[in-house]
Amino acid sequence: MLDAKYFREELDQTAKKLATRGFDLDVAKLQKLEEQRKEVQVRTEQLQAERNSRSKAIGKAKASGEDIQPLLDAVSDLGEQLDNAKEELKVIQQELNDIIMGVPNLPADEVPEGADEDENQEVLTWGKPKSFDFEVKDHVDLGEALAKGMDFETAAKLTGARFVVMRGGIARMHRALTQFMLDLHTDEHGYLETYVPYMVNQDSLYGTGQLPKFGKDLFHIEGESQDQIPMSLIPTAEVPLTNLYRDEIADEEELPLKFTAHTPCFRSEAGSHGRDTRGLIRQHQFDKVELVWLVKPEQSMDALEQLTGHAETVLQKLELPYRKVLLCTGDMGFGAAKTYDLEVWLPAQEAYREISSCSNMQDFQARRMQARFRRKGAKKPELMHTLNGSGLAVGRALVAVLENYQQEDGSIVVPEVLRPYMGGVEVLKA
């Protein structure tokens, strides 16, 4: 969440910046609540001071033999007024907090203004889309033809729409992609591989910003035990990885911290009805290799370039054409200050499709989580900056490999970097 100073000292300017994201901040309501908060805060402090003064007077009156009952009655009355004022202040602060928790991050100064994805800026393209001298098939037709290596019909019987069963060479390639990504990020990019829970509590989801605003996008767990804490399946490993330092204070020397994890991700895809209903592009369950950085504030913009570069390296080693896009203000995610999307070329769609989103959240998540660090010699800790990105979405990487490496007979050439993970197999055939 944003620093309270933006709502107390820079409200109009903050509202203008948020408007570039398509977010309408209710300035009048915030101003009214802030005025009420100040008035009740002053009244609370005055009542506390008066009560303390009367309490001291009781001791003096008692020592001099005076009747202290009137003073006792006055202190009791002041105590009741003070309790009421504190409760009123608590209600106002909670209402302010509820509003602030629903406000997105402010865009960084270099982020282009725009309403939607049509106004994103292409930064670069890498590789040249391959020309095929035969009719290109999409990943669904290719996967189903390879000994039913990709089976959506059976998955629908087992669970429902937007799930898949993979078999044989397709399943092995999916696993190979995961292993290749993890090895690359740990061996060459310096990430610490981390195994995390696939279920998280509400504090974790508040910390990274999924709650309270995006609860409908999650799958929530219903347990039989009455004392079970509310939990949800993770929508991304960003949630548990970033929350590793919730309510923690790191030493300056520990930063930057770089974590990677391979997990399944679970999303309800609320609001995406009718979009990408065919194939692996938009599933309720999908695998992803996540990259998370925790850094000092002055490091975060450079860290974003590095993190994005690490995701790009995966695509380059797979020799998959892609483009890098700087998102405009209106297309960024809730907690992001700056985001790059990597979009891989899919021949069957004749289009670039998102395969990674890399974001600098600055101190937006850290403030919610109270994830802090202490500089050497400093007394007070500071908020970290957090970053995250896909390195990559495994299912979409599989889609890209199948479509870009297809041959006329429906077989798939295995990218060279994946062959060591597939027992030396060079071609997937039916």
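Glycine residues also receive a Cβ, built from the backbone N, Cα and C atoms like all the rest.
Annotation comment: Swiss-Prot describes Thr236, Ala237, Glu238, Glu290, Ser390 as L-serine binding site. Taking the Cβ of Ser390 (L-serine binding site) as centre and 10 Å as the limit, one finds 26 other Cβ atoms among all the protein chains shown.
Cβ contacts within 10 Å of Ile355 (ATP binding site), excluding its own Cβ and spanning all protein chains shown: 27. Under the heading ATP binding site, Swiss-Prot lists Arg267, Ser268, Glu269, Glu354, Ile355, Ser356, Ser357, citing sequence analysis as support.
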Q. Rounded to a whole number, what is the top Cα to Cα distance in Å among the residues the record ties to L-serine, namely Thr236, Ala237, Glu238, Glu290, Ser390?
A. 9
Q. Which has the fewest other Cβ atoms within 10 Å: Thr236, Ser268, Ser356, Ser357, the binding-site residues listed?
A. Ser268
**Q.** Ser390 (L-serine binding site) to Ser356 (ATP binding site) - Cα separation in whole Å
**A.** 5
(Q) Around the L-serine site formed by Thr236, Ala237, Glu238, Glu290, Ser390, which additional residues qualify by having Cβ within 8 Å of the site's Cβ center? (A) Val239, Leu241, Ala261, Thr263, Cys265, Lys288, Val289, Leu291, Val292, Asn388, Gly389
Q: Whole-number Å only: compute the distance from the Cα of Thr236 (L-serine binding site) to the Cα of Ser357 (ATP binding site).
A: 12
Q) Here are some binding-site residues: Glu238, Glu269, Glu354. Which one has the most Cβ atoms within 10 Å of its Cβ? A) Glu238
